[in-house]
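Since the structure comes first, as structure tokens, the remarks are kept for the end.
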Amino acid sequence: MKEKIVKSPRRVPTHLHHSAIDKLDSELSLNEDKGSKANSEESSRWRPKSFDFISAAGVEDTEEEIEEAIKPAKPLEDEEIASGAGSSDAYEPPRRTHWFMTSFLMMVYLIGVGVLSLPSAFVSLGWIAGSLLLVLVVFITTVTGYYMWFLHMKYPHIRNYATMFYKFFGRTGQYIGGGLTYTYFFGILTADVLTMSLSWDSLFAGHHVCVEVWFVISFLVFFIIGQVRSLHDVSWIAVISMICIVAPIVLTLSQIPKLSVGAGAYTTLGGSGFVAGTVAMTDIVFAFAGHLIFYEIMSEMKDVKDFPKALLISQLVGYVLSMFTASFAYVYLGNTTVLQSPVTLTLNHSAIRDAANVMLIIHVISPGVMGGTVLSRAFQRWFQCWNRRTFDDRSWTQRLSYLIWSAAVYGVAFMVASLIPFFNELIGLIAALVSSSTTFGMPAIMYLIEFRKHNPWWNWILALSCIVIGYSLLGLGSYAGIYSIIQAVPNHGRPFSCDRKI
């Protein structure tokens, strides 16, 4: 019996690794005999059931098309894999990740070490601007996360941002949007290499170890663990990584009251100026700008209809952790020379600071490997011109191919981190150029294009507000990024030198 599949703008969705097609065909035939009109009316009224405060009207793909594209994968036997069953040119990973594990993937990619810089951001912004901005950012990123989910439910065969750009803006849009998106993926990976190297350097401060040694060690850690080929496999690491970001925060905050004695801390309602406030604003805004990986995360979910659960949990945990960390440290060390960014550097050299650095090293593995996995798969899919490329193929040739591509990805990240001393400031500029679009502006634009005929007036206002805010951040964030780079260049050493500062 002929299989019914959903056609992709680029190719057949070869990631469908399930075997319920025959049963589905028979059920569809029976339903058609009983009354196709009722089924058509039911599918045209399809709505997401969870937290439906944004209208999903206009999602009019038939229910059978949606259900087929989002079905979880059936585990394949070794004999089936060897014969190529279920994996005809299917390079993409199957749908296996539960929504609860998905929430950990989102938390470690959204929250990360950016939380540790928020106390210093509150110093520059003050209570009013800092608190309101954090609430606004969490709300808007939740809304745009829902927009992306609605788009994925309409086109479940689209598994990355580049293809979604192609869907709405053609080949030119795919090249520009995809290029910016993967550049930011690479930037985050490189920043994670820097963060791990900084933690190693802080852990062994006073031992006079060349900083390039820590870069090499960080590269090896990412490269070895980065041999996993799916975000589902990374999700188990993400659980440990989440613990290893909460624990350093708790350890650091437990010591802050002692450090505040005699420091003369005070807080203010207002900020400390436009330039400092703009730079601090970008720290808060782009701490929640992880939407560029949402399509890859959704495409591996066992039941993508549960994505709102993962989104809400990750956003709620991110907000509580960010607000508590920023407020607590600001109250005790606000406007003092003791407070540093990230806040873990505030600790004196002790066993507690060493423990915090070890856990930060473990934490940063997960977001780094997530970005590296997406990049390695993309490079292999685009450029590998030898052998057959299938995800279920576990042969040594496929493993060797992935080893080569992942070595190239992590190796280039190591080279860039070593070559550009001010890369931490550079990634702020890249975040402003890319995340202002991928997190704030573009999800709303695509949503309005797709569902423009069926949206109420208030939803138009909400989406247009996201667009305006997003591209306002493009200008303000670019200004803050350029300013930070200018200020940082004289304070770093030479590339590939032992005396450079990270």
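First residue shown is number 1, and so on along the chain.
Positions of Cβ are set from backbone N, Cα and C atoms, glycine also.
Listed features, source TrEMBL:
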COMPBIAS  7-18  compositional bias 'Basic residues'
COMPBIAS  19-45  compositional bias 'Basic and acidic residues'
DOMAIN    96-482  domain 'Amino acid transporter transmembrane'
REGION    1-46  region 'Disordered'
TRANSMEM  104-122  transmembrane segment
TRANSMEM  128-151  transmembrane segment
TRANSMEM  172-191  transmembrane segment
TRANSMEM  203-225  transmembrane segment
TRANSMEM  234-254  transmembrane segment
TRANSMEM  274-295  transmembrane segment
TRANSMEM  316-335  transmembrane segment
TRANSMEM  355-379  transmembrane segment
TRANSMEM  400-420  transmembrane segment
TRANSMEM  426-449  transmembrane segment
TRANSMEM  461-486  transmembrane segment
I need to check the long-range neighbours of the transmembrane segment (461-486): which residues 6 or more away from its ends have a CB within less than 8 Å of a CB in the stretch? 54, 140, 143-144, 147, 275, 278-279, 281-282, 285-286, 422, 425-426, 428-433, 436-437, 439-445, 447-448, 455
Which of 203-225, 274-295, 316-335, 355-379, 400-420 has the most Cβ pairs closer than 8 Å to the transmembrane segment (104-122)? 316-335
Under 8 angstroms for C-beta pairs, at least 3 of them, ignoring pairs fewer than 6 apart in sequence. Is the transmembrane segment (172-191) in contact with the transmembrane segment (355-379) by that rule? yes
Leading contact stretch, 203-225, 274-295, 316-335, 355-379, 400-420 vs the transmembrane segment (234-254) - CB distance under 8 Å: 355-379
Applying the under-8 angstroms CB criterion, which one of 274-295, 316-335, 355-379, 400-420 scores highest with the transmembrane segment (203-225)? 400-420
Name the range, of those listed as 274-295, 316-335, 355-379, that has the largest tally of Cβ pairs under 8 Å with the transmembrane segment (400-420). 355-379
For the transmembrane segment (316-335), what are the same-chain contacts with Cβ under 8 Å, counting residues 6+ beyond its ends? 107, 110-111, 115-116, 118-119, 121-123, 127, 130-131, 134-135, 138, 246, 249, 252-253, 256-257, 259-260, 263, 265-268, 284, 287-288, 343, 346
